[in-house]
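Report on the following structure.
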Amino acid sequence: MAVTTTEFDTIAAISTPPGEGGISIIRLSGEEVFQVAAKLFKGADLTQVGSHTIHYGHILDPETGDEVDEVMVTVMRAPKTYTKEDIIEINCHGGIVATNRILQLCLSYGARLAEPGEYTKRAFLNGRIDLTQAESVMDLIRAKTDKSMKVALDQLDGDLSKLIRNLRQDILDALAQVEVNIDYPEYDDVETMTTKMLLEKAHEVKQQIKTLLATAKQGKVLREGLATAIVGRPNVGKSSLLNHLLHEDKAIVTDVAGTTRDVIEEYVNVKGVPLKLIDTAGIRDTTDKVEKIGVERSRKAINTADLVMLVLNASEPLTAEDEALLTATKDTQRILILNKTDLPLQLDLAAVRQVAGDSPIIETSILQSTGMDQLEETIAHLFFDEGIESSQNTVMVTNARHIGLLHQASAALDDVQNGIAAGMPVDLVQIDMTRAWDLLGEITGDSYQDELLDQLFSQFCLGK
């Protein structure tokens, strides 16, 4: 149920990142935005102007009459706004002093500092968007590739919401038939028809949930990035690989073994797949205390990574350290990179292929940029069988909360099928069907708890 705007006070926050810039935006939302602005803005009478218009003027300190900044003020009237409330946005010169001064004046003359995510929370509570769309706002802000941005936009447009609501409607139609059976128990054929319909509907909805969950692995990668550990013994080209993928020098590249003492993390877009690259310290036996800590962190990175890129030096024979790493990573999703192929080959390729298993083997010379296109294509196809474009028009589930609720809803439908198979009365089976309906409703926010909203929106930034 939507909450009316009269239940909300007027809030204000800075919507642009802190620091110096071209402009800053202070956003106000609520019933009294015009009263607050009228006390500060010298220019047009904002109470008389039309919606979605921009007006030039100045912000003055009402107490001293001093001019604070030259501004442009945008007026947006309810309900056609982000929050479905009256909104005023003050565009001032970028910078910490002027921006904070204007915000403080807004707070001094009737507004309250917004909580993190409160604008989006109001958009949800006022019925402009559902919970899935609200969560997609943060996904859009955090998107690291064009594809992850597209998925977030699709969810913001309601693609996932529409699919979930269709599933809920299918369940609701089935529940209505159950009510007929309960109201007319004297007709035996009604119960038979109802249980048959419930079985078919439970199977049908479960299959659609299964199809949606099949996108979860790819969706999670797009939303959170692929945790990718670059591992290998010292001085095989790990940092060079990191720098090449980043197209900049983030890691130190030298001929000295053990130069990378810590774990370096960076995000990079590889063929539309967001990678969270983890350049680890070279793994070897060492007496250096600092390097030892880095080596231990490298081992942990291997265990938690979604993808391991194991770099071997093709210009040297396989060492005991190489063999140990091949063993340590054999149960991971990995790519073997045979680097320095521009030098005379010393590595026993047959021996490497024998222990590689299903792991792709890519021959590279990072120094000469050979083999890198093949590496990037391999990464993309490991997680998107036909490439990132193959999922272009697919509704995807990317959020761990949604994935968990879909699994729970599927389990509830299992209980429906098992209950009917066991000969349970229809009114008892109805309980599990209703549970599946409620669980799907938690995805879109058609049913929710206040604690959930507080947790979700606290992850947003101020001003959004």
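Including glycine, each Cβ sits where the backbone N, Cα and C put it.
These figures come from a predicted structure and were not determined experimentally.
Lifted from Swiss-Prot, the feature list:
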{"type": "BINDING", "residues": "Arg27, Glu89, Arg128, Lys464", "note": "(6S)-5-formyl-5,6,7,8-tetrahydrofolate binding site"}
{"type": "DOMAIN", "residues": "225-384", "note": "domain 'TrmE-type G'"}
{"type": "BINDING", "residues": "Asn235, Thr254, Val256, Thr259", "note": "K(+) binding site"}
{"type": "BINDING", "residues": "235-240, 254-260, 279-282", "note": "GTP binding site"}
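Distribution of Swiss-Prot features across the structure.
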| residue | record | CB count, 10 Å |
| --- | --- | --- |
| Arg27 | (6S)-5-formyl-5,6,7,8-tetrahydrofolate binding site | 25 |
| Glu89 | (6S)-5-formyl-5,6,7,8-tetrahydrofolate binding site | 19 |
| Arg128 | (6S)-5-formyl-5,6,7,8-tetrahydrofolate binding site | 19 |
| Asn235 | K(+) binding site | 20 |
| Lys238 | GTP binding site | 29 |
| Lys464 | (6S)-5-formyl-5,6,7,8-tetrahydrofolate binding site | 19 |
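The full span of the recorded (6S)-5-formyl-5,6,7,8-tetrahydrofolate binding residues, Arg27, Glu89, Arg128, Lys464, taken as their largest Cα to Cα distance, is 19 Å.
Across the fold, the C-alpha of Arg128 ((6S)-5-formyl-5,6,7,8-tetrahydrofolate binding site) and the C-alpha of Lys238 (GTP binding site) stand 48 Å from each other.
Taking Arg27, Glu89, Lys464 as the binding-site residues under consideration, the smallest Cα distance to Lys238 (GTP binding site) is found for Lys464. Here the Cα atom of Glu89 ((6S)-5-formyl-5,6,7,8-tetrahydrofolate binding site) is found 54 Å from that of Asn235 (K(+) binding site). Put simply, Lys464 ((6S)-5-formyl-5,6,7,8-tetrahydrofolate binding site) is 45 Å from Asn235 (K(+) binding site) when counted between their Cα atoms. On the 0 to 100 pLDDT scale, the model's mean across the domain 'TrmE-type G' (225-384) is 79. Classification of Arg128 ((6S)-5-formyl-5,6,7,8-tetrahydrofolate binding site) by DSSP places it in coil, neither helical nor stranded. For the recorded site, Lys464 ((6S)-5-formyl-5,6,7,8-tetrahydrofolate binding site), the DSSP three-state label reads coil.
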